[in-house]
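Report on one structure; see the data block that follows.
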Amino acid sequence: MRKVKLSAVIDHGVLILGSLFMMLPLLMLLQMTTIPDTEIIRTGPSLTVGDQFDDNFNKAMFEASGFSGENTGLSMLKNSFILGIGFAVGKIVIGMMAAYAIVYFRLRFATFAFWLIFTTLLLPLEVRILPSYEVVQWLGMLNTYQGLIIPLIASATATFFFRQFFRSVPEELVEAARIDGAGPVKFFIDILVPLSRTMIAAMFIIMFVYGWNQYLWPTMITTDEDMYTLVRGIKQIVQVLEGAVVPEFGRSNVLALIAVIPPVLVVVFFQSWFVKGLTESDK
Amino acid sequence: MKRAGFDTLSLPVLLLLPQLVIIAVFFYWPTIVALQSSFYLQDPFGFGSTFVGLQNYADLFSSREYRKIAWFTVTFSILVTFFSLAIALVLAVKADKVLRGAKTYRTLLMWVYAVAPPVAGFIAVIMFNQSWGPLTEFFGLFGHTYMVGVNFNDTAFAMILASVWKQVPVNFIFFLSGLQSIPRSVREAAMIDNRSATSRFWDVTFPLLAPTGFFLLIINITYSLFDTFGIVDTVVKGEPGNNPMTLVYKVYVDGFRGNDLGGSSAQSVILMVLVLALTIFQFRLIERRIHYT
């Protein structure tokens with residue numbers, strides 16, 4: 001009996017240590033958003049909660065910073081949402097359409113299209129980052145949402161995921177639909193899309209987080225400060241902190257916190273969908 | 001392709017078109033340009049370019065700096081992969097075992113998945129702040145003056161720590177789902193045959209987790225190579241100098257800041273070959289895995 005208890009204590013001890021390892025950095029950031037800059041410069045993070053959060057929050061969200069003065073937290077938050085949602089929706093819509101064409105139609109060049117699309121899984125955007133930048137520049141899409149989002153969509157993860165799922169949908173469903181006189185469009189919209197709801201939700205969460213957290217591509221493609229996303233803005237924050245006489249820690253900590261909160265909430269609240277999507281899409 | 005598919009021709013072409021156009025313009029075109037310009041030397045002022053064959057590659061392999069960065073990238077990847085896998089495995093085994101609070105632990109251990117790499121880097125910069133960073137003070141207790149951005153090893157450690165912190169959740173999720181898919185009957189049979197939990201883990205659980213582990217190994221190496229860009233960039237504060245950096249960061253610094261298009265493209269191609277080899281290896285493992293379970 002005693003032995004069982006001891007091992008339970010060890011199990012919980014390890015898990016608590018692990019949780020602390022994960023949580024402490026965020027708690028520190030949280031504490032630092034509640035104290036004034038002058039205190040941070042003197043003592044850094046501490047264990048007392050201050051009362052400056054409102055002040056720091058207002059500064060970060062509504063007061064303009066940067067060279068152009070257009071760069072508020074609010075505008076970065078807006079851009080982050082546009083990137084996250086635009087990327088997720090674009091990827092899912094295009095992926096589902098392509099997967100439907102590949103799985104449900106007799107096409108002579110289907111195998112060729114399949115290989116063209118799935119080769120994109122082999123190389124991440126990072127290895128062709130400069131030529132991609134030149135292409136976007138040539139198309140006049142620098143500092144636009146299209147230029148930010150579309151090149152990121154040029155990989156087949158969602159197509160692959162939906163292809164796997166469509167293949168697991170019972171064959172009888174198409175046969176029944178055809179007997180009842182449903183055409184390909186009706187079958188797709190009335191049967192296949194509703195059937196894929198859970199898959200779409202899972203994919204949306206993963207893609208939203210992925211899009212929101214993009215850094216290298218937005219760093220290259222957006223130079224106008226009113227196009228910055230929160231995650232891209234981190235770069236500016238770090239550099240500003242280095243140069244300033246009284247670094248604006250309050251402001252930058254709030255911005256870092258806001259960059260983290262929406263994707264974290266999505267992952268925590270839709271945990272079961274998220275885990276399902278993650279473990280099934282990467283296999 | 002389904003047996004009872006549709007026969008229309010125009011519709012599937014229309015459905016495939018957006019995907020095909022996007023990958024043609026933003027995948028194939030840039031990839032071909034990268035391959036091509038790796039054989040050319042660009043004029044720094046943008047006046048044309050000359051064909052130099054394999055010169056860009058030869059320059060890279062003979063460059064001491066490039067070899068140093070490649071070596072750092074290898075060390076960095078091994079350390080990040082090892083520690084994030086090991087920590088995640090221990091946590092997943094424990095989280096699979098406990099009954100009370102299992103859900104809470106799971107949430108607390110996985111939320112960092114959603115934190116962007118540059119934010120992880122930013123937090124590391126704060127924790128290692130020269131004058132009051134908690135971790136700087138911690139190392140101060142042992143008489144070590146921690147200096148991120150000045151001391152090579154100190155900077156490297158901050159990068160590795162942030163990268164591991166950011167990667168543990170993914171591995172944890174996969175290990176936990178792998179553990180939960182081990183059939184009850186197998187566990188119970190093992191319980192009857194072997195009373196020692198430690199040897200049960202190494203003889204039964206660990207081999208059954210091996211396919212997940214192999215798969216994660218590739219995922220983690222790819223992560224260390226590419227996705228850590230944001231961490232490296234924030235920890236060195238955009239000032240490479242003599243700081244440690246990874247191969248992807250070097251591509252960015254040379255191509256985007258240094259305007260050395262040919263050299264940067266050659267580096268891209270080297271990375272392409274590397275990631276191609278890893279992915280093919282991974283696909284072959286997945287094929288094998290089907291027979292495993």
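Glycine is treated like the rest: Cβ placed from N, Cα and C.
According to TrEMBL:
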type: DOMAIN; residues: A:77-270; note: domain 'ABC transmembrane type-1'
type: TRANSMEM; residues: A:12-30; note: transmembrane segment
type: TRANSMEM; residues: A:81-102; note: transmembrane segment
type: TRANSMEM; residues: A:109-125; note: transmembrane segment
type: TRANSMEM; residues: A:145-166; note: transmembrane segment
type: TRANSMEM; residues: A:187-210; note: transmembrane segment
type: TRANSMEM; residues: A:254-275; note: transmembrane segment
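Counting residues 6+ beyond its ends, the transmembrane segment (A:81-102) has Cβ neighbours under 8 Å at 110, 113-114, 117, 145, 148-150, 152-153, 156-163, 165-166, 188, 192-193, 196, 200, 203-204, 207-212, 214, 218, 229, 262-263 in the same chain.
Across A:12-30, A:109-125, A:145-166, A:254-275, the stretch most heavily in contact with the transmembrane segment (A:187-210), judged by Cβ pairs under 8 Å, is A:254-275. Within the same chain, residues 45, 253, 256-257, 260 sit at least 6 positions outside the transmembrane segment (A:12-30) and bring their C-beta atoms closer than 8 Å to a C-beta of that stretch.
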